[in-house]
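Asks: According to TrEMBL, the feature transmembrane segment maps to D:12-33, D:53-77, D:89-106, D:112-131, D:143-161, D:196-216, D:245-263, D:283-309, D:321-344.
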Amino acid sequence: MRGDISPFPHHYHVGRRDRIRGAETALLQRNLFMPEAIQHLAMQHIVKRFPGVLACDRISIELRAGEILAILGENGAGKTTLMNILYGLYHPDEGQILINGRAVKIETPRHACELGIGMVHQHFMLVPNLTVVENVALGLYNRAIFHLDLNRVRKIILDISQKYRLAVKPDAYVWQLSVGEQQRVELIKALCLGANLLVLDEPTAALTPQETDELIAQLKEMARQGCSIIFISHKLNEVKALSSHICVLRNGQVVYNGNTSEHSVETLAEKMAGREVKLPISREKAAYGEDVLALQDVWAKGDQGTFALQGVSLTVRAGEILGIAGVSGNGQRELADAISGLRRVEKGHIFVEHAEITNLTPQQIINHNLGYVPEDRLHEGTIPSFSISENMIMKNYDRPPMTRSGFLQQKTISLYAQELVNKFQVKCPGIYSSCASLSGGNIQKVILARELTRNPKILVAAYPTRGLDIGATEYVHYRLLEAREANKAVLVISEELDELLNICDRIAVIYEGKILKILSKHEANKSSLGLLMAGVTG
Amino acid sequence: ADEKIKVALVIPSTIDDMAWSQAMYEGIKAVQAELGEDKMEVAVSERLWNAVDAGAAIREYALQGYQLIIAHGAQYQSLLNEIAPEFPKISFAYGTGFATESPNIFAYDPHAQEGAYLLGMIAGLKTKSNIIGIVGPVEAGDAIKFNKGFVQGAKAVNPNVDVRIAYTGSFGDLVAAAEIARTHIKAGADVLTGSSQQSVGAINVTKEFDKLFWLSTDMNQVSISPKTVLAAQVYNFKDTVKTMLDSRAAGELGGKHLELSFANNGLSLVYNEELAAEIGDDIKAKVEEAKGKLVDGSLKINME
Amino acid sequence: MLLEAITVIISTAIPLSVSFILAGLGEMFNQRAGTFNLGVEGIMLLGAFTGFYTVHHLHSNVLGLLAAMAVGAVMGLLMAVSVITFKATQGIAGIGLYMVGWGISGTLFRIYVGGITSIEGITALHIPVLSTLPVVGAMFFQHDIVVYITFLLIPLAWYVLFKTAWGLKVRAIGTTPRAADTLGVSVERIRYQCLILGGMMAGLAGAYLSICQAHMFADNITAGRGFIAVALVYFGKWHPVGIMGGALLFSLAHSLQRFIQVYGINFPYEFAVVFPYVLVIIVLALSHKSKDAGPTALGTPYEREFRG
Amino acid sequence: MKTTFTQRLGFKILIVVAALMAALLSGAVLFLLAGANPLQAYFVMFTKPLNGVFGLTEILVRATPLMIVALGIAISFRSGILNIGGEGQILIGAIIGAAVALYLPAMPKHLHLTLIFAASFLGGAIWGGIAGWMRAYFAVNEILSTVMLNYIAIQVYTFLIRGPMIDPQEIKYGTGVPQTAALPRELWLDKLIPGARLHTGIILAVILAVLVYLFLWKTPVGYRMRAVGAEVKASKYAGINVPKYLFFAMFLSGGFSGLAGAVEVCGVHHRGLESLSAGYGFSGIVVALFGALHPLGIIPASILFGLLIIGADMMQRSVEVPASIIMAIQGLIILALVSSQVFLSQEQMRLKLVKLLLFWKK
Ligand SMILES: Nc1ncnc2c1ncn2[C@@H]1O[C@H](COP(=O)(O)OP(=O)(O)OP(=O)(O)O)[C@@H](O)[C@H]1O
Ligand SMILES: Nc1ncnc2c1ncn2[C@@H]1O[C@H](COP(=O)(O)OP(=O)(O)OP(=O)(O)O)[C@@H](O)[C@H]1O
Ligand SMILES: [Mg+2]
Ligand SMILES: [Mg+2]
């Protein structure tokens with residue numbers, strides 16, 4: 001690793017800092033400057049209140065160099081809040097943080113960086129109108145005024161990306177990237193900035209299985225070299241594979257602390273949800289209904305102006321769940337957009353029950369009874385500043401019974417929203433609080449509640465369980481299967497192979513805008529899908 | 001009655017705009033100086049360009065018992081027509097205007113065209129390039145009167161002269177006026193004029209050039225540019241104000257249309273003494289002759 | 001004749017564009033950083049007064065320009081305290097600042113000057129040799145020094161915005177302040193810096209009007225130019241070259257309409273006066289293909305603990 | 001840190017008072033420079049307008065157009081489009097209103113007034129709609145277009161009142177003052193109180209506020225417009241025709257400003273004349289934002305702003321300071337109030353402030 005210009009390997013060995021050579025590395029050095037490595041971190045009795053919510057209720061955690069602590073908990077349990085406190089984004093109302101036995105007040109993220117804390121945030125912290133390189137440079141040069149050497153940053157990124165096998169396009173603008181790609185950029189950013197305490201808040205929610213495995217291996221290696229890691233994930237097999245300790249939160253309180261090795265994935269799930277969780281597995285059906293959704297040779301452009309869909313043909317039958325597997329960024333977003341009318345179809349046809357819907361307006365397609373759970377839940381699936389109840393009626397607000405004689409029927413709407421909130425167990429202060437205040441998992445529940453309750457003929461669900469806790473995932477799977485039983489046509493886009501294998505009747509693999517193959521339930525397995533997702537056919 | 005008379009003035013711009021508003025303010029101050037501060041009280045409200053604010057000010061002055069309220073702008077006519085009947089004991093005045101719908105409204109009306117005619121003559125006689133530029137604000141009211149008189153004066157003495165008019169579209173934008181003046185100059189004009197408070201911006205531009213002259217109106221604007229302002233038409237509002245006060249004292253609260261002309265000394269033409277060499281006696285003679293004709297009515301300016 | 005006309009039009013347009021460019025560049029930094037300042041007009045007025053007054057008393061043009069920038073910086077700071085520290089709604093604060101600037105400049109002018117007074121100010125500079133060139137000499141090389149400085153500021157602004165670390169931070173916090181914050185960029189500090197810089201530029205723009213163009217001060221001398229400058233930032237899509245293009249287009253149209261008026265036209269002059277405004281809108285409409293959505297966080301205060 | 005309602009209210013009042021004090025203190029410097037007594041000035045400013053029919057009615061006279069304009073502004077801001085073209089839309093509405101009043105044959109008063117208002121609404125709506133249309137379909141930023149359209153409107157308006165629509169009397173007497181003929185008396189809005197300018201427009205404004213509230217929050221179209229304003233991406237997803245509603249928002253917004261113009265013509269000026277709008281297009285923005293872009297907040301906000309205008313105006317006259325001072329004082333008050341607003345609405349910010357104050361004590 002000699003001559004590696006990446007700052008990363010030097011972090012865990014403070015003594016080696018002097019090995020960074022060359023005048024141009026002076027800047028990086030300044031960035032990496034830290035008083036001492038974090039040998040021990042303790043957060044003690046942390047309390048954080050938000051108006052109406054007690055997000056952290058006297059939480060204490062402890063971590064030593066080389067340990068990997070997994071924090072588990074349902075959506076909204078307080079994990080992110082706790083980490084935001086550690087990173088200086090929030091200030092705790094009570095409690096203290098000790099680093100190497102000394103109390104520190106972490107005022108700002110900048111301060112946290114200086115202490116050697118790095119964080120991968122759950123909601124991406126990327127600037128969409130800057131390139132990947134510029135995003136990383138922002139952190140590396142946060143103290144500089146003039147000096148800015150993007151070529152250098154590019155090189156660092158490429159090195160890290162190679163080392164951790166996280167593919168990125170350094171000169172692409174972030175707004176052009178899929179969620180999966182953004183997730184990789186987030187990770188690369190944290191790795192480039194370097195830290196000896198790394199906080200990862202659901203870093204794998206949008207990674208492929210291979211990338212996840214790679215990341216886990218690398219994280220372990222880092223920990224071995226003395227880096228401490230806090231890892232938040234709802235994917236318990238990852239937790240099991242990676243962490244040395246776990247801490248389970250519920251309603252802002254620590255309900256369990258212990259060693260990972262003492263638990264199996266199942267017992268972890270139980271600890272977390274407070275009950276036994278069993279993800280459903282669909283049984284094969286003897287017969288399916290008619291083709292409800294059909295795509296014939298569909299071509300559509302991506303945001304970069306090139307064809308992201310290159311002749312996609314597929315059908316979904318009534319009573320069937322068709323899965324779309326693939327590494328994100330291979331046309332999934334465009335596929336879902338094209339079907340729902342949010343993206344122009346340049347060539348080809350889309351039919352719903354023999355009626356052509358190609359390039360109809362989104363409203364017309366909604367009227368053809370299409371339900372859509374979009375990838376971007378925060379800004380596309382919901383209107384964050386609108387209340388939960390307003391979001392619940394987003395697609396049927398203008399027809400009876402929500403609107404009668406030209407006026408919205410407040411009572412009906414409230415009852416409806418309350419019913420959905422209850423039915424889908426959305427955790428919220430009330431139906432009039434804004435969607436922005438919900439946790440990601442609960443936002444997803446709002447969307448699912450809305451889309452499923454409209455009783456669509458076709459449901460397109462993009463990454464429906466990304467970021468959901470295991471209890472909620474279980475819940476979503478049951479709902480999707482319920483839709484299948486009700487003879488709906490369901491199209492599920494996901495990278496979770498387990499999820500697809502559990503619930504789909506057929507799985508199509510998308511690669512570079514083309515459907516490589518459609519596998520039936522018994523043909524599909526992790527390795528066959530994995531190869532196809534990597535573009536290997538035959 | 002020897003008690004104190006209270007006069008209020010409502011003006012669209014400021015008392016130091018070197019133009020329309022200042023002319024009236026100085027007129028009132030002159031009357032006050034003559035009568036003595038103990039005999040006359042003066043209140044001023046500036047920048048009441050819009051009619052709503054002016055309306056409030058006028059009403060407030062009326063309620064406070066001011067006896068003469070001068071709303072110094074044509075745009076206030078409508079307001080006075082409404083307010084005056086409610087305060088029959090108070091005299092109101094506005095100008096430029098003619099209508100005196102209530103018996104307690106004075107309308108005053110400077111004949112801007114008269115002085116403009118004389119200024120036009122000077123311009124026509126002084127120009128070498130035969131190009132004269134006018135920097136106008138908005139093509140309306142006094143500006144039209146001024147321009148008409150000016151063009152006729154210039155043409156009368158110099159049929160070959162090309163009088164070019166350009167408007168800024170605003171009364172107060174003196175930077176735009178300066179720009180128009182520069183454009184005029186670059187396009188060959190060597191004598192310029194213009195009206196309203198924006199024109200001070202244009203006057204200032206003339207300083208940058210040699211052998212360039214400005215003819216000013218409303219006030220004597222020589223002080224702005226002593227080397228280029230040749231002559232000025234000056235409104236003597238002092239007499240107008242006095243007439244109104246006298247008329248009021250005589251029991252007539254209004255109902256009069258007061259004109260300001262050379263005939264009644266409401267207007268005067270002043271020359272820049274420093275530039276006496278530029279205006280020869282020949283020019284002066286011609287101008288004074290025309291002024292005489294304006295006074296005796298033998299010279300009529302076409303206002304169609 | 002045509003050549004002569006073009007010479008006149010271009011040579012008058014260039015100084016005209018200066019105040020728009022100066023104020024526009026300043027506002028560009030504000031907006032890139034996520035705050036928009038409708039108070040530019042007020043800052044320009046106060047800058048115009050300060051510049052005028054300083055030159056009037058100290059007879060130093062350089063001090064005049066510097067004083068205007070200093071006052072502009074203070075006004076920018078006032079805006080920053082209001083919208084950044086106190087998270088005031090930017091639209092209202094801007095209008096408030098506009099009124100403060102107008103009011104104070106008018107008041108001080110009345111108290112300390114009290115009438116039309118002209119100053120020598122900065123006058124056109126005939127660049128040796130170049131200014132004697134036929135045609136181009138008159139068009140481009142007979143302007144005052146501030147004109148040349150302004151046109152040098154355009155590439156400088158471009159460089160600062162796109163090639164320096166500070167510019168990168170500015171662009172980031174105008175779009176996603178939270179992301180920049182997590183990377184250790186101090187959102188508030190940079191927004192403060194931008195507002196102060198923008199204030200300085202607006203102050204300078206105002207001083208240009210009083211010191212270089214009008215050689216005097218009068219109440220409301222800017223006559224809405226500050227608002228035009230803000231509008232031109234949108235025309236220029238937050239890009240220095242775009243802003244320059246917009247300012248030049250607008251100024252050229254103004255020069256052209258004045259030129260046409262001067263040469264006598266037979267239609268209502270209002271059509272001429274309106275021409276530049278119409279032209280700017282139409283040109284922008286015809287060039288609408290640009291992708292840049294601009295600084296998306298424009299107008300929203302940033303507070304770490306707020307969400308939604 | 002549990003607090004009672006009264007404690008919170010008290011603290012809020014304290015914050016507002018502190019902000020006002022800061023503004024008035026800095027303004028006091030100006031008064032002293034101008035040789036006036038600041039205490040006297042402020043006393044007049046805040047008490048005189050409330051002291052008597054004249055002041056009170058004048059406040060409402062200003063509040064009327066402010067309220068109507070602000071309602072329109074609120075509609076556009078809620079729909080994600082910033083209308084700063086109120087000034088131009090007011091003029092267009094006013095001149096169209098005047099034209100309908102002057103040139104249509106005699107007809108029953110209420111019919112005629114309805115026509116005037118409808119036409120002026122439409123006129124302002126079209127003028128605003130231009131900006132909306134260009135924003136929606138040509139991506140022309142509305143701040144740019146509305147600023148430009150303001151200048152264009154002023155020129156169009158001036159052209160009409162000095163040219164085709166000028167009062168024939170002005171031609172006859174050669175005075176050429178740019179103004180239209182006076183409206184026939186029966187088209188003047190009725191006065192509410194004898195001897196004061198207050199007219200029935202204020203009632204219209206309040207009714208409109210309620211209607212706008214119902215429209216924005218209780219109808220599907222209002223829902224769509226707010227959705228477009230809140231999140232364009234989600235609105236598209238929900239099947240809303242985003243450009244259409246962007247246009248419609250500006251159309252309505254301009255309509256309200258246009259209507260305000262006609263209300264000024266029929267209620268206050270009784271003719272079209274120069275500088276008919278006292279900057280209502282801009283102050284309307286301040287009012288709308290102070291009213292939290294909510295129709296029911298706009299009612300008190302416009303009255304408060306009316307008080308600020310009238311009080312400052314009266315103070316300037318009674319203390320005799322340069323008129324510019326009132327502009328500065330108003331600006332300072334606006335800045336101070338808007339800077340204190342976040343502490344009123346956000347508990348977190350209030351807590352921050354408390355912590356800061358406590359810290360200082362130590
Ligand atoms: N900025 C904020 N303002 C107000 N309340 C907040 C804020 N951030 C978090 N909360 C509250 O804190 C609680 C815990 O949130 P947190 O984000 O820590 O959950 P989480 O455990 O990360 O959930 P998830 O698994 O969904 O990520 C939530 O109930 C929420 O109400
Ligand atoms: N502004 C806020 N006001 C109130 N509660 C909030 C706010 N922001 C977040 N929360 C609460 O914090 C909790 C977690 O918020 P956050 O958005 O961090 O969740 P998350 O980590 O994204 O969740 P998920 O795992 O479901 O994606 C939620 O329960 C949510 O209700
Ligand atoms: Mg979280
Ligand atoms: Mg989560």
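Here the Cβ of each residue, glycine as well, is placed from N, Cα and C on the backbone.
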Asks: Between D:89-106, D:112-131, D:321-344, who has the most Cβ pairs under 8 Å to the transmembrane segment (D:283-309)?
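Replies: Result: D:321-344.
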Asks: Can you name the far-off residues of the same chain, 6+ from the ends of the transmembrane segment (D:245-263), with a Cβ under 8 Å from a Cβ of it?
Replies: 64-65, 68-69, 71-73, 75-76, 78-81, 83, 85-86, 89-98, 116-117, 119-129, 131-133, 135-137, 142, 189, 201, 204-205, 208, 221, 224-225, 228-229, 235, 276-277, 280-281, 284
Asks: Name the range, of those listed as D:89-106, D:112-131, D:143-161, D:196-216, D:321-344, that has the largest tally of Cβ pairs under 8 Å with the transmembrane segment (D:12-33).
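Replies: It is D:321-344 that shares the most Cβ pairs under 8 Å with the transmembrane segment (D:12-33).
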Asks: Are there residues at least 6 beyond the ends of the transmembrane segment (D:112-131) whose Cβ is under 8 Å from a Cβ of it, and what are they?
Replies: 72, 76, 83, 85, 88-90, 92-97, 99-101, 104, 106, 140, 142, 145-146, 149, 153, 186-187, 189, 247, 250-263, 265-266
Asks: Take the transmembrane segment (D:196-216) and find every residue of the same chain, 6 or more past its ends, with a Cβ under 8 Å from one of its Cβ atoms.
Replies: 53-54, 57-58, 60-61, 63-65, 67-68, 71, 74-75, 78, 188-190, 222, 225-226, 256, 259, 263-264, 266-268, 294-296, 298-299, 302
